[in-house]
Amino acid sequence: MRFVDEVVIKLQAGKGGNGCVSFRREKYVPRGGPDGGDGGNGGSIYLKADENVNTLIDYRYKREYYAENGRPGEGRNCYGKAGEDLYLVVPVGTSVFDIDTNKKIGEVLQHGQTFKLVSGGKRGIGNTHFKSSTNQAPRKFTLGEEGEYKEVRLELNLLADVALLGLPNAGKSTLIRSVSEATPKVADYPFTTMYPHLGVVKVGVDSFVMADIPGVIEGAAEGAGLGLRFLKHLTRARCVLHVVDICPFSESDPVENYFAVEKELEKYSQELFDKPRFLVINKIDLLADKVEQKCQEFVEQIGYQGNYYTISAAMKKGTDELAKKLNEFLQKQE
């Protein structure tokens, strides 16, 4: 299924039903009073989060949504039926922006959570309500109000505990495959991962969600490659893993590669740059010898001061220990 994380849709809530003008007409009641009922309220449109939905693709092909109108009132003080509300099902983590103001107006962050997008029009009033001591046969009524109209942009930001960051072919997809049941495509060419993938990592009785996004390249913060579009999915992660290929096939310098990604991250968002971040040195199985020494030299060259982890995602070496350490960190954050 194609991953869609941003769409623009038009919403029209239902119109309220008109009030009714009616008079009681029964045998032996020659002067029956007014009995016109009220109309029904128009239907509203809501956003509803569903943890089983992963993309906004359904809204890419259908762009206009209408809630049901309220029915008009009837005689004998019968109220019109209210229009049915319409629920648009979206992934957890979907935000809503008003197109006219470009301001965020709401979001749904938990399974089953709802958010009203547009309100249905109020019902019209029947002539029963206008009877008075001076007007026993009123012909006055009110029309139902128009429903609210709005054009909105839906944006999906994935909800993950841990996000993977790195250059294309750093081994992020292999890592998420090795510690979870996620199955992103893996191959020896750039941008094998075209869309974000989520995987649930289980550690004993605990579990956390890991997200793999397409690799970041130089200029990603300005829109180069796939980086800008998907960097936003890191914003809600509780921590970030910067995955570095210690032995790239391209024979590029791992030190330069590390700083290239860090630079793009800082340019994109200072808030994202300030998130807890851990260094993961991957593909240590490709080092001929002195693995520990070479990794230590790399860490010293980049001036990294925090905890770092050496792994071979392809051989599943060090990945279990990495998962345990991440789980310990996340448990302390709760």
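Note that Cβ sites are derived from N, Cα and C of the backbone, with glycine treated the same way.
Features as listed in Swiss-Prot:
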BINDING   166-173, 191-195, 212-215, 282-285, 312-314  GTP binding site
BINDING   S173, T193  Mg(2+) binding site
DOMAIN    1-159  domain 'Obg'
DOMAIN    160-331  domain 'OBG-type G'
Seminar exercise, completed: Densest Cβ environment (other Cβ within 10 Å) across the binding-site residues K172, K283 belongs to K172
Problem set entry | Cα within 10 Å of S173 (Mg(2+) binding site) - qualifying binding-site residues among P214, K283, S312 | P214
Problem set entry | Chain-internal residues near S312 (GTP binding site), provided their CB is under 8 angstroms and they sit 6+ positions away | N282, K283, I284, D285, G318
Seminar exercise, completed: Counting across all protein chains, other CB atoms within 10 angstroms of the CB of N169 (GTP binding site) number 22
Exercise. How many other Cβ atoms are found within 10 Å of the Cβ atom of G166 (GTP binding site), counting all protein chains shown?
Worked result: 24
Seminar exercise, completed: Taking all protein chains shown into account, the Cβ-based neighbour count within 10 Å for S173 (Mg(2+) binding site) is 25
Exercise. Under a three-state reduction of DSSP output, how is K283 (GTP binding site) classified: helix, strand, or coil?
Worked result: coil
